[in-house]
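Here the structure is laid out as structure tokens; the discussion comes afterwards.
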Amino acid sequence: MLGTTGGLFAIPWCKRSLLLTALMSLIGAAMGVLDTGGNVLALNTWGTEAGPHLQALHFSFAMGAFVAPVLAKMAMGSSEPRDFQAGENASQSILSPVSTASATLALKHHLGADFLWSYIVIGTYLLFVSFFFFILYSKSSSVRDKSKASVQKCKVAKYHHALIILLFLFFLCYVGAEVTYGSYIFTYAKVFAEMKENEAAALNSVFWGAFAVCRAVSVFCAACLYPGTMIVLSLIGSAVSSSALAFFAHYPISLWAGTAVYGASMATIFPSGISWIEQYTVIQGKSASLFVVGAALGEMCIPAVVGYLQGKFHHVPVVMYTALGTSAMTAVLFPVMYKLATASGEGLREMGESEDRKALLSSSGLNEDEEDEEDAGEWNEADFEVIEMNDTLRNSMVETSLKAAGSSPSEASLQPHPGDAVGDSPVAAGGSPGRKNLNVDREKND
């Protein structure tokens, strides 16, 4: 945006054709980067829900293309200076060479001032917009979500490069047909349909008006329709309307209706195509730039070829046949892309199922480890209970021996020693069942 702003500020002061060419190239490159960055930014911001936002983005392109010339015309006013008009109305006499030269200089000065202000106003507007974008960028976090990045890496389609190349050709045909029809329909209406100039201009306005209106409607349709569905509907509409224009354009009703339907059908293909391909594979800067390059090549090459062929074959409606041919080409390319995209989706589904199996196996291993720990805890509790029972039995035997010693010495001699009692007791002996169980339990724990 800053490059476009700088170019717009510098163009009114440019006096050399080479410098003007360089500035226009700078503006074109900056606008290409802006187009690519806008699409990628929308995809990165809203992800799978970027459909309505992409439609709104491209609707703003159509709205700007419609509003900017109108505002420029209102700001520039008439193409003739007021003093020259007044002098012409006041006197119908023959103008001298001096008055003609002065009127020409006044006209150049009038137009130069208007052009200067139009460039300055548009450049200032872009400068403010770029300033607000810079504020948003500075406040946004630069830390990226690693989990999202890993998901995107796993999301790369099996036929990623083939899909990108086919979509490149798809956009080349689509944008080339759109620009060609919008550029030559005025000439076609005057030469082949023999319309008046105002009628031909109205037909041209019908095409671009239907284009802009359907892009506005597509913002809401994208919220309830899949991108693939919108592409299929657009391809059907463009195929039907281009067929009517190619074979029945000599009927006025067919020409007007076909132009309106063709403009409406071309409105949603580009943003819907980007939203559709993003469902199956990752779209980053390189892929999006390739789409924009394909659209730019179609915008440059196809109108030039049509103009050359129309000059060679004056009696052939090359414009209408081009619309039909590009519609057929896009109608063939999209099913091929869909087949490749769904095939890669099946591979991703199988990979996801294998990952699920690995996750289940790992979770079952964790469950077995937890069960072993629970069993070990139960064995330890049993050991503690046995030790407590032995301690209680030993204490009771000591108390009994002390009572016997206090009653009579003879009886005390007959009583076993506490240590002997403990050592020879069948409960504490090494051969007793309880002791065996205790040793076995401790060996298990060891």
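Backbone N, Cα and C atoms are what each Cβ position is placed from, and that goes for glycine too.
Per TrEMBL, the feature transmembrane segment maps to 17-34 (among others).
TrEMBL lists 54-72 (among others) with the feature transmembrane segment.
For 117-138 (among others), the entry in TrEMBL reads transmembrane segment.
What TrEMBL records for 159-186 (among others) is transmembrane segment. Residues 200-201, 203-204, 207-208, 211, 259, 262, 266, 269-270, 273, 277, 280-282, 287, 290-291, 293-299, 301-303, 306-307, 310, 319, 322-323, 326-327, 329-330, 333-334, 336-337, 340-341, 343-344 of the same chain, all 6+ positions outside the transmembrane segment (159-186), place their C-beta atoms under 8 angstroms from a C-beta of that stretch.
Long-range contacts of the transmembrane segment (206-226) within the same chain, counting only residues at least 6 positions beyond its ends with a Cβ under 8 Å from a Cβ of the stretch, are 51-52, 54-56, 58-59, 62-63, 65-66, 178, 181-182, 185, 256, 259-268, 271-272, 275-276. Here TrEMBL flags 206-226 (among others) as transmembrane segment.
Counting same-chain residues at least six beyond the ends of the transmembrane segment (231-249), those with a Cβ under 8 angstroms from any Cβ of the stretch are 192-193, 255, 257-259, 261-262, 264-269, 272-273, 276, 317, 320-321, 323-324, 326-328, 330-331, 334. TrEMBL lists 231-249 (among others) with the feature transmembrane segment.
The list of residues near the transmembrane segment (255-277) in space but at least 6 beyond its ends in sequence, with Cβ under 8 angstroms from a Cβ of it, reads 39, 43, 50-51, 54-55, 57-58, 62, 163, 167, 170-171, 174-175, 177-178, 181, 185, 189, 193, 203, 206-215, 218, 221-222, 226-228, 230-231, 233-238, 240-242, 244-245, 248-249, 283, 288, 291, 295, 323, 330, 337, 341. Summarising the annotation, TrEMBL assigns transmembrane segment to 255-277 (among others).
Marked as transmembrane segment by TrEMBL: 289-309 (among others).
The annotation transmembrane segment is assigned in TrEMBL to 321-341 (among others).
Among the features that TrEMBL reports, region 'Disordered' is placed at 348-381 (among others).
The feature compositional bias 'Basic and acidic residues' is assigned by TrEMBL to 348-359.
Residues or ranges marked as compositional bias 'Acidic residues' by TrEMBL: 367-381.
Annotated region 'Disordered' per TrEMBL: 395-446 (among others), in sequence order.
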- [ ] Grab the same-chain neighbours of the transmembrane segment (289-309) for me: Cβ-Cβ under 8 Å, and only residues 6 or more beyond its ends, written as numbers and ranges.
- [x] 32, 35-36, 39, 164, 167-177, 179-180, 183-184, 270, 273-274, 316, 318-319, 322, 326
